[in-house]
Amino acid sequence: MSILAFTKGHGTGNDFVLFTDPEGEIELTPEQIRMLCDRRFGVGADGVIRAVRSRAIPEGAAILEAEPEAEWFMDYWNADGSPSEMCGNGIRVYAHYLIEEGLVAPERRDTLPIGTRAGVKDVLAGASGYTVDLGRWRLGDDSLVSARGLHVARPGLGIDVGNPHVVTVLADDAKLDGLDLTEAPGLDPAPEHGANVEFVVPEDPLLKDGVARIRMRVHERGSGETLSCGTGAAAAALAFRHWGGEGMPSSWSVEVPGGRLGVRMFPTEEGEHVSLSGPAELVYTGTIDLP
Ligand SMILES: N[C@@H](CCC[C@H](N)C(=O)O)C(=O)O
């Protein structure tokens, strides 16, 4: 048995167990991650985030060559013990954690570069939360999506924002609320590395004050249905804009069961980027015996 000191945090109800391991000495096993995330036998969370210095692990050291300022790496694990490339809610909570724990120099606190398996992401602290530049996005592989509560399989658009998503649009709120996501949606063909699956409907009216508004539910790869998924919200807004074509705005507001997230698309020299804004909360600290 060893004792792990942790902090519990969340972003719009997408919750995480965070712990600090600056020199990369604590390698949790998938069983230990599953136990930590278990809502009955452990702490309970959608994922685990290890705060580790980039130089202390090979995946982090590799990104330092190009981006030496990314001192900290977000080592993200889903509740089932599988790693993920990125987590949009998690990275805001992680930035907040690094700042609150005094792990970043004051001059870095406004724009904090964080290493992830999907590259370095800049997180900006704001008055009402954090904004992360998710970087470039791309269309991924499409699949037919089936789920309990859907009578026929629906076309899903593949979107990659560092991690893989398949987004499908439903007719109305009743269809969205009627879904049973306790079982993973079916994807045909199944993406090689799996995917997070988002179901979206437009709000009425779609456009308000120049912002397009949609509602979303998500089944996350490796975690099941969650109250929110940040990268999923970005993928959902990108998919809706793709379907809407000309005239769609670049500012989006995505309502998820755990709250509301902002998404913005903006041009850069290397191509279009997408950013995600929302709250980050640290709820409590504790210790737990790890088997
Ligand atoms: N909840 C996250 C995404 C977490 C990773 C995802 N389950 C995956 O496997 O890609 C978010 O807020 O983006």
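Cβ atoms here come from the backbone N, Cα and C positions, even for glycine.
Because TrEMBL annotations are produced automatically, they should be read as predictions rather than curated entries.
As written in TrEMBL, here are the features:
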type	residues	note
ACT_SITE	Cys87	active site
ACT_SITE	Cys87	active site, proton donor
ACT_SITE	Cys229	active site, proton acceptor
BINDING	Asn14, Asn78, Gly88, Asn89, Asn163, Asn196, Glu220, Arg221, Gly230, Thr231	substrate binding site
Worksheet, complete the sentence: Note: among active-site residues Cys87, Cys229, least Cβ-dense neighbourhood at 10 Å is Cys87
Worksheet item: On the Cα atoms of Asn14, Asn78, Gly88, Asn89, Asn163, Asn196, Glu220, Arg221, Gly230, Thr231, which are listed as binding substrate, what is the maximum pairwise distance in Å?
Response: 16
Worksheet, complete the sentence: Whole-number Å distance separating the Cα atoms of Gly230 (substrate binding site) and Cys87 (active site) is 7
Worksheet item: Which residues, in sequence order, are found in the same chain with Cβ within 8 Å of the centroid defined by the Cβ atoms of Asn14, Asn78, Gly88, Asn89, Asn163, Asn196, Glu220, Arg221, Gly230, Thr231 at the substrate site, excluding those residues themselves?
Response: Gly47, Ser84, Met86, Cys87, Gly90, Val218, Ser223, Thr226, Cys229, Gly232
Worksheet item: What is the number of other Cβ atoms found within 10 Å of the Cβ of Gly230 (substrate binding site)?
Response: 28
Worksheet item: Where among the binding-site residues Asn14, Asn163 do you find the Cβ with the fewest other Cβ atoms within 10 Å?
Response: Asn163
